[in-house]
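Summarising the annotation, TrEMBL assigns domain 'ABC transmembrane type-1' to 19-220. Residues annotated as transmembrane segment in TrEMBL: 21-43, 55-78, 98-116, 162-181, 201-220.
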Amino acid sequence: MTIDIVFIFEALIEISKVLPLTLFMAVTPVLLGIFIGIIVAFVRIQQTKILAPLLNFYVSFFRGTPIIMHIMLVYFGIPIVVDVISKAFKLEFQSSSIPILLFVILALTLSAGAYASEIIRSGILSVPKGQLEAAYAVGLTFSQAMRRYILPQAFGKSIPNFTNVFIGFLHATSLAFFLSIKELTGVANIIASINLKFLEAFIAVGLIYWSVSAIVEWLAHRIEKRVTAYSKGGI
């Protein structure tokens with residue numbers, strides 16, 4: 001058995017065509033997840049009586065179960081809820097009109113929110129309490145102190161963790177092929193099946209994942225240095 005080097009390059013070109021879709025499927029949930037994570041982290045830190053236990057369960061469930069399960073629960077569960085609501089209110093909208101990609105984005109977003117909340121919460125708690133007390137001393141409110149001083153420091157310390165989460169979700173987009181979405185791994189599998197060259201096709205897609213991950217790690221390292229240098233000033 002020999003490796004077809006030419007086919008690897010041909011596969012690289014063909015598979016790269018869906019790289020924008022794959023990046024969209026990774027970036028969107030992580031960004032939305034960070035937004036969700038900030039809210040969840042604040043509620044958990046403040047220990048709100050009703051919301052905190054519910055959000056603790058949310059974080060524990062999504063961090064303790066496989067992402068493929070989240071995708072399947074959303075894909076098969078949301079349509080049932082949508083159709084029941086549509087029927088109850090006599091709406092013409094049907095779950096069948098919802099794009100499959102939306103289910104994947106929603107599932108990944110919920111999962112990313114759980115991971116992001118724990119990262120943000122840990123980052124905030126790692127900032128010395130004196131920073132918040134000093135902010136109060138100069139007349140800042142809790143939200144102002146968080147926005148101007150605590151969160152920048154927390155995010156600076158959390159960049160490596162967020163980088164790992166993004167790379168993890170970049171790889172998790174390959175699970176969308178179970179729902180027939182043609183992302184990087186899906187196209188690689190199709191090309192491999194048609195040409196019966198599985199090794200070459202997956203070497204090609206592996207090189208793409210590796211390259212993107214390396215670029216993300218390099219960018220994150222540069223950003224971390226800048227943010228850390230800025231946040232060291234404190235109040």
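Keep in mind that glycine also has a Cβ here, set from the backbone N, Cα and C atoms.
Just so you know, TrEMBL annotations are computer predictions that nobody has curated.
Stretch with the most C-beta contacts under 8 angstroms to the transmembrane segment (98-116), considering only 21-43, 55-78, 162-181: 21-43. Proximity of distant same-chain residues to the transmembrane segment (55-78), defined by a Cβ-Cβ separation under 8 Å and at least 6 residues beyond the stretch ends, is recorded for 40, 43-44, 95, 98, 100, 103-104, 106-108, 110-111, 113-115, 117-118, 172, 175-176, 178-179.
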